[in-house]
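Since the structure comes first, as structure tokens, the remarks are kept for the end.
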Amino acid sequence: MSSPSKRREMDLMKLMMSDYKVEMTNDGMQEFCVLLNGPKESPYYGGVWRIRVELPDAYPYKSPSISFVNKIFHPNIDEMSGSVCLDVINETWSPMFDLVNVFEVFLPQLLLYPNPSSPLNGEAAALMMRDRAAYELRVKEYREKYALPEHIQAALEESSSDEELSEDGYNSSDEAVTGMQTDP
């Protein structure tokens with residue numbers, strides 16, 4: 001049996017060699033973002049979500065922490081934090097699973113088959129149970145507002161310019177970014 005660090009490295013390389021775009025967050029291999037396309041035959045289709053992944057030191061024996069960076073309207077995803085309520089990631093994780101499973105199977109299944117009886121977003125769950133058409137319309141509105149490919153590209157460019165600012169110091173002539181807070 002290989003060590004957790006070797007397994008982490010192997011799983012990350014396997015994910016990077018797949019069709020997913022992986023963005024490393026820092027120098028280590030424990031935190032990164034993956035771009036996930038909404039699955040066909042779902043109201044999420046056409047959207048792209050940036051998924052933040054944190055691998056614990058004990059990975060693969062302990063599950064990765066998964067959260068959506070851009071907003072999504074879904075009963076099992078917290079709208080503010082992006083946290084995911086999914087048994088296979090949170091409670092029944094097994095070292096037999098790997099990162100590719102998360103992005104090829106677990107998250108697409110979550111988007112295709114929401115579980116409104118175990119919600120993190122009560123509003124989405126209630127709307128889904130009460131009026132499926134209105135729920136799907138709201139999902140599509142969120143997709144158009146937060147998850148189009150150009151939104152992801154703009155966020156990536158903004159993130160890269162934020163890094164340049166942090167290296168050069170704050171430039172007071174830069175426009176403030178709505179919703180962003182800076183440390184004093």
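The backbone N, Cα and C atoms fix where each Cβ goes, and this holds for glycine too.
TrEMBL has this to say about the protein:
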ACT_SITE  C85  active site, glycyl thioester intermediate
COMPBIAS  169-184  compositional bias 'Polar residues'
DOMAIN    1-148  domain 'UBC core'
REGION    156-184  region 'Disordered'
Would you mind listing, in sequence order, the residues at least six apart from the residue listed as 'active site, glycyl thioester intermediate' in the same chain with a Cβ closer than 8 Å to its Cβ?
N76, I77, D78, N115, S118, P119, L120
Taking DSSP states H, G and I as helix and E and B as strand, how many residues of the domain 'UBC core' (1-148) are helix, strand and coil?
56 helix, 25 strand, 67 coil
